[in-house]
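The next block holds one structure in the form of structure tokens; read it before the comments.
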Amino acid sequence: MPRNTALEKYRNIGICAHVDAGKTTTTERILFYTGLSHKIGEVHDGAATMDWMEQEQERGITITSAATTTFWSGMDQQFDKHRINIIDTPGHVDFTIEVERSLRVLDGAVVVFCGSSGVEPQSETVWRQANKYGVPRIVFVNKMDRSGADFERVCGQIRTRLKANVVPVQLNIGAEEDFKGVVDLIRMKAIMWNEADQGLTYDLVDIPAELQDRAEELRMEMMEAAAEASEELMDKYLEEGELSNEEIKQGLRARVLANEIVLAFCGSAFKNKGVQAVLDGVVEYLPAPNQVPAIKCETEDGEPASRSSSDDEPFAALAFKLATDPFVGNLTFIRVYSGVLKSGDAVYNPVKGKKERVGRIVQMHANKREEIKEVRAGDIAACIGLKDVTTGDTLCDLDKPVILERMDFPEPVISVAVEPKTKADQEKMSIALGKLAAEDPSFRVKTDEESGQTIISGMGELHLDIIVDRMRREFKVEANVGNPQVAYRETIRGTVEQNSKFVRQSGGRGQYGHVVVKFEPLEVSTNDAGEEKIFEFVDEIVGGVIPKEFIGPVAKGIEEQMTNGVLAGYPMIGVKATLFDGSYHDVDSSEMAFKIAGSMALKEGAKKANACILEPIMKVEVVTPEDYLGDVMGDLNRRRGIIEGMDENPSGRVVSALVPLAEMFGYATNVRSMSQGRASFSMEFKKYAEVPNNIADEIIKSRNS
């Protein structure tokens, strides 16, 4: 059965932004204009189509990325029908992981900014993630009807704070309550949307006289940006001083796809202005699946390979999200990179080494679903019936297996103990937590060996609140939650040479392992794939004083001891161990003996190497009206915060600070009462840093008591 839509007419895009930039409203309008939803869902009525979990509707934020398929032929029906797969991503920093996994499977993104508050901390995080995956993007400056909205100021912030080369393709006509429409700098006409039909129709009129000069300046800048795409465009531009509209679009598209420029659009989704122009921009400037580089992967033997976006290549897809659906059970969202998959086909999961059969395939329209018979390269769909798949796994052809690059997930920074309110719920709670952990890799569950408590860990207080809330709603488990615990770490500050010997003689065969190891601090670094290097082992044994087969176990022993720490039982990071001497016994030495000797060496050596405790430091940004600035800063100082800088923004002052996570619990309530509800804040993990001695002593005492 042939394709319904040619691959070059596909667009897989994400809509990402800061918490309140109006992302979900923008997506709602897109669904309305593309004819998918007949009544516009407003977020503040708790009715938006894309926000389908109960908590999202209550809290007015988007938590899980809903995937939706829709079609668009242009504002003037100027294109053939294009198929747009949209993923609406959350903007709250505790759910960065959802954004990360969406960007991993998208080909392009629309980043939404608020016209008045501009570039906010979360926007920086999203931007960094999009850079990491090389995602071409366009910008929509929304909420142009809000007080303090200023399109050109926001473009300036994107240049300075995000270091992006922004090229406006529109200019706003009026702002705040006088926002009327936009100037299209390519056609050099003003677009005025009609209020009467929720902006479905519009008029093309002449540019208002007072904006003519500025529009011409911006058009020149845009034309120069387009001319830089190729030598022929540049030559023509230098000779004639002008490019045709088609040439401008062609040049801009080439540079967006090369990630050299970012085009800026503006409007107000809530007031139904500007969204269709962004949809045209998606079609005109963002890539089809076969216009992005072929996806890199490796064979099962670790040889590099690639899969290009074509139905004729062997099947390969990435499972980028799991969700539990009340009617059909487990849904596995997949992005198909190559080949074709029909319902009922068997696929191979090389990460788990297992064969699975796909029961049914459904296409999601927010939380409504339509069953389909097959998916092809470029499609995003959900499979029903896969049993043993986790987020980030590859699904591929049985005969030509490849492993797509794994997704990388951050380590949680906060933990709480949970226990079911009734003993009868213990098993239900375990099942619920297991399902939630499979869905969300930044959420971990473990049992504390000493206390037997169930400990859940995540990216922030809101993240864990929502997990506990979902246990109650979706799995009917009521749980008591303990006080939040910080994910402390341990490390060493000095260098030491440690001589450790493990000898045991008790009749029969003894045990003998002797090592001399140099321990020194290691700078914790992150590689291109985002993996952290926290331990390095160097083998400098010469002349066989320790036989080869015992060297691996020494490293293993040290690593195992690192997970248990040496001061207060917290995992260690930043250790370099060099094994340079030792001895062995012909009969009594064994792998086990050397493993124990390795772990003893670290335990004894770390204390001499000035071991210390590290705590997570958060980057906190508080937006506060001028009147409460003194209180906010005084409070951050009391929380051991270091103020990094101050900025202006239309809603007041922005204070940036580095504050230990341990001091930030319950901050949301404090900052609200301090400012009578007018200040807001966001925080994300920045780094680990040493805990002051007096606090470290308390931590060690309470852990060891």
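The backbone N, Cα and C atoms fix where each Cβ goes, glycine too.
In Swiss-Prot this protein carries:
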| type | residues | note |
| --- | --- | --- |
| DOMAIN | 8-290 | domain 'tr-type G' |
| BINDING | 17-24, 88-92, 142-145 | GTP binding site |
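Just so you know, the Cβ of Ala17 (GTP binding site) picks up 29 other Cβ atoms within 10 Å once every protein chain is counted. In sequence order, Gly115, Phe151, Asn172, Ala175, Phe179, Cys266, Gly267, Ser268, Lys273, Gly274 are the residues of the chain that are 6 or more apart from Met144 (GTP binding site) and have a CB within less than 8 Å of its CB.
Looking at the domain 'tr-type G' (8-290) alone, the prediction's average pLDDT is 81.
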